[in-house]
């Protein structure tokens, strides 16, 4: 069946912003004006079309990227609505990976906000072309000039208005189009009716100056336009629009629009700008992957190429089960076809193909290059996997997600909850690559880890509402370790005589540090002073004792144990006696005074605006942090530091507070390091 919409008339876009900048409302209005919905939902009323998860409607924020398809002026627009809260940046990241363009929504009063900076960096990393919509022009305190100024100051980008607002706050009533040099006055209707007017007299000079600024910027991108401008020729609307498009497609220039989505002012102009300036799949570079021999393979965006797609999201749907969202980069595929999951090397069947609208769906028979769809039936596919035609051998670059930075211990409230909690947690972690589950071997606790307190709060909420699982949460333990600092030779002798056969085991073992090489056992017994059948028992006794620790019950690591001597008894010696003797020898090292507590050290990378460097560094120092590196980029600084894990609990909240939410951080385990004496004494005291 031929495709309904040619590739050049397809747009895959995301809508991104800081929390509360109005991006879900903007998406709602786009869907309303494109005829996709018949009643406008309001985020603050909890009935927004795109925010379909119960937790989203309660909080009025977007958590998962809802995908939907809309139509405007014979173009198909696939839209992903992304979250604005810092704990859900992974949703933004994976959406940007599969999109061709984006609309960045900023608040006319607040300008560029913290999460705008974070999301902007992610979009820049993926080289996503963007247009900017200055929203809430009707808000008290709205200032278009201020909002545009923050684009330069906080993002350091090359942007220019292509519209100007007529009035602001309660007086906001229209816009000036700097390309057409005409005015538009909104009539205040929900379908955004407007009339074309002349530019108000008091704005004519400003509009003329802003148009000249725009043309001068565009002259840098097109020699013909530059010559026409220098020669005093009239720059046509068509020519200017074409050059703005080329500059925007390079992700080197960002057109700025304005309006009020809530008041239905300027939304249709966003739709026009999406078509005019954002790329179709054909404008985007060919997709590059590797085959199994690591040779580069290039796929063009064409229906005639072999089927190639990237899975970017997994969701559990209450009606159809597991839904896998994927972006088709090349080729076509029909419902019921088999595909290869090239990443995992397994064959999968596409049970059903669905075009999604928030949480409702439309079944389709075939998908084409450039499409974003959801599939039912992909059992083994997870986020970042490549899907190809059978026997094809291309793997696309997967997605990298930050490690979780906050964790809590969790336990089921009842026996019934215990049976369900494992399945529920594994389903949730399948959906979200930044949500991790593991068991703490020392404490036996189940630990859940995520990107922030709100992230884990939502997980616990979903456990309760979707999976009907009640759970208690505790504070997690830090996984400390113990080790030796110098060589010591100790003796372990276990003799027990209580009538009948006794017990006898005797060993002499040399213990020494084995830096970063793990625990090691070496047998140096010669001449049969300990029969070889008892050697495994000595090793086993040491392994068990090492895992239980000596100072505070934490596992001993990086210890080399060499069995050098001992003795045995013909009748009384046994495996158990030698196990106990080995354990006694290890415990003797405590008397040598060479055991220490090790603490996990995290490598922490913080990205903060220049204004907050002092706050951030001061706080890190108070957490026993060691600064490793400081690197300035545009208006931000990247600080690298080594900090003990025990000092990092609650850090996300403190960092937000210290930087007004404008900094972000990632951390990962680096090494174990000797804990300072006072810290070690405190740990031992607590454990004993």
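Even glycines carry a Cβ here, placed using N, Cα and C.
Quick look at what Swiss-Prot annotates:
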type: BINDING; residues: 17-24, 81-85, 135-138; note: GTP binding site
type: DOMAIN; residues: 8-282; note: domain 'tr-type G'
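Mapped onto three states, the DSSP output places residue 17 (GTP binding site) in strand. In this structure, residue 137 (GTP binding site) belongs to neither helix nor strand by DSSP; it is coil. Cβ neighbour count for residue 17 (GTP binding site): 30 (other Cβ atoms within 10 Å of its Cβ, all protein chains included). Every protein chain shown contributes to the tally, and the Cβ of residue 137 (GTP binding site) ends up with 28 other Cβ atoms within 10 Å. Model confidence over the domain 'tr-type G' (8-282) stands at 84, taken as the mean pLDDT rounded to a whole number.
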